[in-house]
Amino acid sequence: MTLFPIFADLTGRRVLVVGGGAVAVRKTQALLQAGAEVVVGAPRLDPALAALAEQGGIARLDGGFEPAWLAGAWLVVAATDDRAVNAAVSEAARARRVFCNVVDDAELSSFQVPSVVDRSPLIVAISSSGVAPVLARRLRERIESLFDHSLGQLAALAARYRPRIRAARPDLGQRRRFYDWLLDGPVAARLRQQQPGLAEQELEQALRAPQAAPRGSVVLVGAGPGDPGLLTLKALRALNEADIILYDRLVSEGVLALARRDAERVPVGKLPGEDHDATQARIHALMLAQARAGRRVVRLKGGDAFIFGRGGEELEYLRAHDVPYEVVPGITAALACAAYAGIPLTHRDHAQSVRMVTAHCRADQDTLDWAGLARDQQTLAFYMGVGQLDYVTARLLEHGRAPATPFALIENGSRPEQRVVTGTLAELPEIARRRSVRPPALLVIGEVAALADTLQWFGQHQHGLPGPQALAA
């Protein structure tokens with residue numbers, strides 16, 4: 001370790017910034033946030049610094065650098081674009097035993113400013129010892145994605161209750177377990193939900209019940225359509241905090257690979273032909289049992305849990321059984337598959353509305369408004385429609401949708417094996433059969449679907465019926 005990490009209390013202490021440009025602006029703003037009394041010296045100041053000086057936010061020294069500027073300074077930052085000036089600042093600071101940072105010049109610096117993840121009062125600092133600043137920045141971005149912004153509130157709450165926690169849990173082992181519960185349990189969840197009052201109530205109740213059993217919770221997470229890059233930061237955090245993950249059949253391996261390594265993974269996806277209601281009842285029972293055992297449960301569903309995912313039913317069940325829960329939205333298939341196929345779901349010239357429809361219904365239970373669906377100037381996105389293409393096509397044509405209306409079938413949308421098959425509504429069932437389209441696939445119907453022929457940027461694209469050579473193959 002070539003650098004000793006240290007956090008400096010600069011409140012009310014004089015810090016000199018030499019330089020008046022954009023870099024000096026950034027350094028000055030960071031120092032002011034830390035409570036420093038900042039003095040900026042330069043021949044000219046950036047408008048932002050000039051405004052701060054006029055408002056009394058900083059002190060100003062005009063002209064070129066002079067060693068006398070260092071009088072009374074605890075730290076100095078050299079932020080000019082002239083290395084000779086920066087070297088002079090560094091030498092003068094060294095002679096006076098004042099720590100000096102020369103921006104982007106480790107050789108001239110006696111201290112370095114790290115990349116920072118700020119969840120005050122919790123602060124994470126990352127340094128590459130000046131060797132690879134880009135690497136430090138990348139690491140900071142990764143850490144930023146892992147820690148919710150409510151973490152600072154949680155740290156402040158823990159600090160405020162520290163004496164009471166110590167009194168209520170005098171045994172060190174008990175106290176550690178309590179802090180684990182505090183960081184991972186319902187208090188942290190309430191803060192993430194912007195409910196600080198309820199968070200404090202949870203903490204008060206726990207302190208009044210010294211030996212209370214750990215209380216589990218369920219996070220309903222939308223996994224998106226398959227590309228792990230489309231997972232939200234909150235979803236990633238939930239996967240990294242999970243004790244057990246109950247995942248659906250369409251959740252991709254790439255998404256599961258991002259989960260905590262020691263989390264238990266249980267597939268609960270429904271298979272074609274089985275009793276889906278019975279399977280759903282088993283999922284409900286499993287969520288309840290795991291949460292009551294004090295575990296952090298992630299219910300991981302493809303796409304978004306509230307778009308044809310029975311997420312509402314699962315939340316109703318959890319609420320009825322007094323299980324704490326959260327919901328993390330996911331990118332639903334209609335949005336992601338269309339985007340990866342180059343299809344804008346709305347377009348000023350072609351579609352002023354979008355309708356998301358489930359095609360997973362039997363003819364004797366069909367309550368869809370087919371007359372409304374058959375109107376033009378709208379985009380239809382049919383979920384779970386591969387097995388119902390003949391029925392969907394017949395109903396739309398019967399209610400007046402034009403036979404020449406474009407369609408796009410997006411198979412395995414957003415995944416490496418994505419394939420887009422396009423054509424016209426009249427030929428939809430035949431094209432799908434001849435092209436051997438298989439689930440999972442999203443069906444898009446409307447004028448915008450034709451844009452896939454020119455705008456698709458990802459995966460394979462096949463238009464219309466296969467030619468004789470393809471059929472022979």
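Glycine is treated like the rest: Cβ placed from N, Cα and C.
Annotated features in Swiss-Prot:
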{"type": "ACT_SITE", "residues": "Asp248", "note": "active site, proton acceptor"}
{"type": "ACT_SITE", "residues": "Lys270", "note": "active site, proton donor"}
{"type": "BINDING", "residues": "Ala22, Val23, Pro43, Arg44", "note": "NAD(+) binding site"}
{"type": "BINDING", "residues": "Pro225, Gly302, Gly303, Asp304, Ile307, Thr332, Ala333, Met384, Gly413", "note": "S-adenosyl-L-methionine binding site"}
{"type": "MOD_RES", "residues": "Ser128", "note": "phosphoserine"}
{"type": "REGION", "residues": "216-473", "note": "region 'Uroporphyrinogen-III C-methyltransferase'"}
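Swiss-Prot feature annotations superimposed on the structure.
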| residue | record | CB count, 10 Å |
| --- | --- | --- |
| Val23 | NAD(+) binding site | 18 |
| Pro43 | NAD(+) binding site | 11 |
| Ser128 | phosphoserine | 18 |
| Pro225 | S-adenosyl-L-methionine binding site | 31 |
| Asp248 | active site, proton acceptor | 19 |
| Lys270 | active site, proton donor | 17 |
| Gly303 | S-adenosyl-L-methionine binding site | 29 |
| Ile307 | S-adenosyl-L-methionine binding site | 21 |
| Ala333 | S-adenosyl-L-methionine binding site | 27 |
| Gly413 | S-adenosyl-L-methionine binding site | 27 |
Recorded NAD(+) site residues Ala22, Val23, Pro43, Arg44, farthest C-alpha pair in Å: 15
Averaged pLDDT score, the region 'Uroporphyrinogen-III C-methyltransferase' (216-473): 92
Binding-site residues (Ala22, Arg44), the one with most neighbouring Cβ atoms at 10 Å: Ala22
Cβ-based neighbourhood (8 Å from the centroid) of the S-adenosyl-L-methionine site, residues Pro225, Gly302, Gly303, Asp304, Ile307, Thr332, Ala333, Met384, Gly413 excluded: Gly224, Leu250, Phe308, Gly309, Gly330, Ile331, Ala334, Ala336, Cys337, Tyr383, Leu442
Recorded positions near Lys270 (active site, proton donor) (Cα-Cα within 10 Å), from Pro225, Asp248, Ala333: Asp248
From Ala22, Pro43, Asp248, the recorded positions whose CA lies within 10 Å of that of Ala333 (S-adenosyl-L-methionine binding site): none
Pairwise C-alpha maximum, in angstrom, for the residues (Pro225, Gly302, Gly303, Asp304, Ile307, Thr332, Ala333, Met384, Gly413) that bind S-adenosyl-L-methionine according to the record: 16
Cα-to-Cα gap, Ala22 (NAD(+) binding site) vs Ile307 (S-adenosyl-L-methionine binding site), nearest whole Å: 46
Top Cα neighbour of Arg44 (NAD(+) binding site) in the set of recorded positions Ser128, Pro225, Gly303, Ile307: Ser128
Listed in sequence order, residues not in Ala22, Val23, Pro43, Arg44 with Cβ within 8 Å of the centre of the NAD(+) site Cβ atoms: Gly19, Gly20, Gly21, Ala24, Ala42, Leu45, Asp46, Leu49, Ala79, Thr80, Asp81
Minimum Cα separation from Gly303 (S-adenosyl-L-methionine binding site), reported as the residue among recorded positions Val23, Pro43, Ser128, Asp248 that achieves it: Asp248
For Gly303 (S-adenosyl-L-methionine binding site), the three-state class that DSSP assigns: strand
Closest of Pro43, Ser128, Asp248 to Pro225 (S-adenosyl-L-methionine binding site), Cα positions, recorded positions only: Asp248
